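Database features, via TrEMBL:
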{"type": "DOMAIN", "residues": "10-156", "note": "domain 'ArnT-like N-terminal'"}
{"type": "TRANSMEM", "residues": "86-108", "note": "transmembrane segment"}
{"type": "TRANSMEM", "residues": "115-131", "note": "transmembrane segment"}
{"type": "TRANSMEM", "residues": "137-155", "note": "transmembrane segment"}
{"type": "TRANSMEM", "residues": "167-190", "note": "transmembrane segment"}
{"type": "TRANSMEM", "residues": "196-215", "note": "transmembrane segment"}
{"type": "TRANSMEM", "residues": "291-312", "note": "transmembrane segment"}
{"type": "TRANSMEM", "residues": "324-342", "note": "transmembrane segment"}
{"type": "TRANSMEM", "residues": "348-367", "note": "transmembrane segment"}
{"type": "TRANSMEM", "residues": "379-402", "note": "transmembrane segment"}
């Protein structure tokens, strides 16, 4: 009974840390979040995405075609709560919280001890990495929930339900596919579930992943960030081959070949995800997920991660406790989806399936270290660990819920809501509102915050982002200073227009231009200036 109450408390802590002030923190809605919300709104109103596609299997987010799961699951939240930050972020926060619960039951099945399962679920509940991505409309979090649930079901020999859970994860995040396809064979063999039913499920999963990947334009995003499409391509490889001059072509191919070239890139990106810098110091990319002064894991967890890894590896091989190798295989498989890409490395989203393995190893390492202590030393050891964990957690929560609102909030479009309503007000006074697209000032933000009718947007042809895009009275121009592009326009047109320019990269001549408003980021620094042409007498 006592341990059941502890589980309820742990789940409550996880839920609270993922829901508290969710609409305000993280500060600002990023472009991907806004795109998710408006597409869910469009589906709710028209059964089509913003581009007019009927119930699509992939969504175009700024030219990146992504898995569709989040947009569909967000529909009821938008229907009930309206088109706002809370409605967009709530699905990931809820599934992130549910992951704490399902992870407990998996750990109970794996370790066979409630104490290990409780510690593991508690560590996940307070983990900076998982809290961070659970609060920011991350489809990776929902996919991770279904992957863990699928593994739990397979562990319980419920193959069909496990298979269904894996398929659902593909529907949310493409990176779930490579992980599942790499990890499952090891799960079957190491846990002695190497049966014909297992391999039938595995074969069907391969087919299912290929179908999801190729449906619609789903493979577009995968191919964009794939190692095979890294900017510059094989330029360095070709250069090395050219430098060999007249050497025997076979020898040149032996020394310089694509297998070695891409293998080296994969190894480089793989290693960045297990570096102390990524795990404990700077916590990786994209920049909008950066936790300043905090890593993805707590410092106190470092010794237990190393110790747990060593014991699992040695005992798993030496004493043939092969199931003990599963967390290590899970860790490696969790890095594979991220290491197969080049963009934003090391990546907290594509590598998020590392998280359960890391927590398993840390929890195991703690209890193994605990067995080496006795009496007063054991009590002292637990007390010191508890204090350090409390201190590490307090620092993270303080930095996240207080400092993140004002510390360099440049990567989350934190000033965009003000830009939208300012532009909307100005459009009633001027014939044109000409805006810079810097700081991610894109049309989608205006559609989202103004709740523009999706049916009307589709009737207008679903205009795409481009330099010079005109939408009603709004004109979007690439570059920080659109007034430079209007120098040759007639004085009459300039006087009837107002400009929103990037503050730091646009020189305003006070003799010719009047600054009528400054739009700032939450840290108080100017992001945009609203300027108008002065009449030349």
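Think of each number as a place in line: the chain as shown, counted from 1.
Backbone N, Cα and C atoms are what each Cβ position is placed from, and that goes for glycine too.
Any TrEMBL annotation is an automated prediction that lacks curation.
Long-range contacts of the transmembrane segment (196-215) within the same chain: residues 57-58, 67, 154, 159-160, 162-163, 166-167, 170-171, 174, 177, 180-181, 184-185, 188, 222, each at least 6 residues beyond the stretch ends and with a Cβ under 8 Å from a Cβ of the stretch. Contact check: the transmembrane segment (167-190) against the transmembrane segment (379-402) gives fewer than three Cβ pairs closer than 8 Å, residues 6 or more apart, which falls short of the contact criterion. A Cβ distance under 8 Å defines the sequence-distant neighbours of the transmembrane segment (324-342), meaning residues of its chain 6+ beyond its ends; these are 110, 175-179, 182-183, 186-187, 190-191, 225-227, 229-231, 265-267, 269-270, 273-274, 309, 312-313, 315-317, 350-358, 360-361, 364. Over the domain 'ArnT-like N-terminal' (10-156), the average per-residue pLDDT in this prediction is 95. With DSSP classes pooled into helix, strand and coil, the tally for the domain 'ArnT-like N-terminal' (10-156) is 101 helix, 8 strand, 38 coil. Long-range neighbours of the transmembrane segment (348-367) within the same chain, counting only residues 6 or more positions beyond its ends whose Cβ lies under 8 Å from a Cβ of the stretch, are 103, 106-107, 110-111, 115-116, 119-120, 123-124, 127, 129-130, 132-133, 138, 140-141, 144, 147-148, 175-176, 179, 273, 279, 283-286, 289, 296-297, 301, 303-309, 311-312, 327-328, 330-331, 333-335, 337-338, 341, 385.
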